[in-house]
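Single-structure report; data block below.
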Amino acid sequence: MFMDRWLFSTNHKDIGTLYLLFGAWAGMAGTALSLLIRAELGQPGALLGDDQIYNVIVTAHAFVMIFFMVMPIMIGGFGNWLVPLMIGAPDMAFPRMNNMSFWLLPPSFLLLLASSMVEAGAGTGWTVYPPLAGNLAHAGASVDLTIFSLHLAGVSSILGAINFITTIINMKPPAMSQYQTPLFVWSVLITAVLLLLSLPVLAAGITMLLTDRNLNTTFFDPAGGGDPILYQHLFWFFGHPEVYILILPGFGMISHIVTYYSGKKEPFGYMGMVWAMMSIGFLGFIVWAHHMFTVGMDVDTRAYFTSATMIIAIPTGVKVFSWLATLHGGNIKWSPAMLWALGFIFLFTVGGLTGIVLANSSLDIVLHDTYYVVAHFHYVLSMGAVFAIMGGFVHWFPLFSGYTLDNTWAKIHFTIMFVGVNMTFFPQHFLGLSGMPRRYSDYPDAYTTWNTVSSMGSFISLTAVMLMVFMIWEAFASKREVAAVELTTTNIEWLHGCPPPYHTFEEPTYVVLK
């Protein structure tokens, strides 16, 4: 029975739960790695050893957080749980493929961990640029294992994307048009399209790197007529859409949370929200070289990528102001989920502003590979994606489990986390503007103060993570049943009770849309 339910599962709710548990577990590993980084940087001088081990930790931290925490939780966890419920489908379109998508992730994670255990580990950074990732600078199997890990995670995501696209387009009730699906469903659909289009390019790039390392090809080796810049183009053509893949489902969740706790029956500017997400998805594919301003591009090329990157601020602004307009005039309920959503809007906007700074190629040439960039993307990820995940978790936890979290603890948790992440990442803007470079385990004494502050902040965040584990235990131990859910007609995922039955629909849904 246990094997049938959890190993061979074809139920979207169980697979969603598996994704959430796996993501939480990987998140702990990723957090541990980040604390090692901040412990090393807490003061000048060496703590862990040389720069190789430090860079192995940095690389693993990035891969674990992106591929094994944010993506499994947002797309696999919330996506699997909520999309079928929100469109009235009995399950996903391909339930067994859904199971395979999940079970490709633990072996992938295992390969990534193995890569750090053999030889010297993969100290390449998550970008895995040759020639550093080549077989001279990284002899041994480490980088090869990392590449295989990425292949598995990529196949998992591509299969999941096919599944979501098919489900969302094909399994709605006949009366429901695409423009009547909730915004979270839209966000997952657009994310899935981005995955489907970008991951094969990454697969091509890392496969060429694999053959360069092992089969004597020279795709990225000038000695044989290759070009390492080609790898950068292939990687970032995936890498930039990837960062939008990480944030788009969060946009969808924030729209639902803000609408719900403002007491509104729909978000402000539904169509604008949809078109904004589609625009962001499209533009995400034509700005990749802004990660490469320092490789020596023409001034015309730089001008194009600068302008195109800034254009993304427009649909993003549409979303931010629509969330604020949804709040306007509402009967606002200051629940923990609402606090996460408001924190998301504020901090994501701050991260977006530093992004506009970095979009200027002239400025980026100075700021590239400094802590300013680290501060920028951690504001949009560590306070964008993670805040969206936390908001979604405390909002939908009663739906998933049937129990309620303690409100006071949840608010305390938010406060500690808010202080922690800001104390960690705000000082990094100062470090970057002062020229402290990324990916080094040691630094001149002049940078000590802000690094110490940053490292203290990371330990405050650790306290918040531990408090969250306690909160979840407390909820399951206290067994407070869900009393009543408001607004069920506009939030149909709640319609079937908390938690919903194992099989939501025994027969196809019939929807009458006025």
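A Cβ is built for glycine as well, from the same backbone N, Cα and C atoms used for every other residue.
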Swiss-Prot annotation: Thr10 and Asp91 on one membrane face: yes
Contacting positions for the topological domain 'Mitochondrial matrix' (328-335) when only residues 6+ beyond its ends and CB under 8 Å are counted: 261-264, 268, 394-395, 407
PLDDT averaged over the residues of the topological domain 'Mitochondrial matrix' (328-335): 97
Among the ranges 12-40, 183-212, 228-261, 270-286, the one whose Cβ pairs under 8 Å to the transmembrane segment (371-400) are most numerous: 228-261
List of residues, in chain order, with Cβ under 8 A from that of Ser441 (Na(+) binding site) and at least 6 apart: Glu40, Leu41, Ala46, Leu47, Leu48, Asp50, Asp51, Tyr54, Asn55
Spatial separation of His378 (Fe(II)-heme a binding site) from Tyr244 (O2 binding site) - C-alpha basis, Å: 14
Stretch of maximal Cβ-Cβ contact with the transmembrane segment (51-86) [cut-off: under 8 Å; candidates 141-170, 183-212, 299-327, 407-433]: 141-170
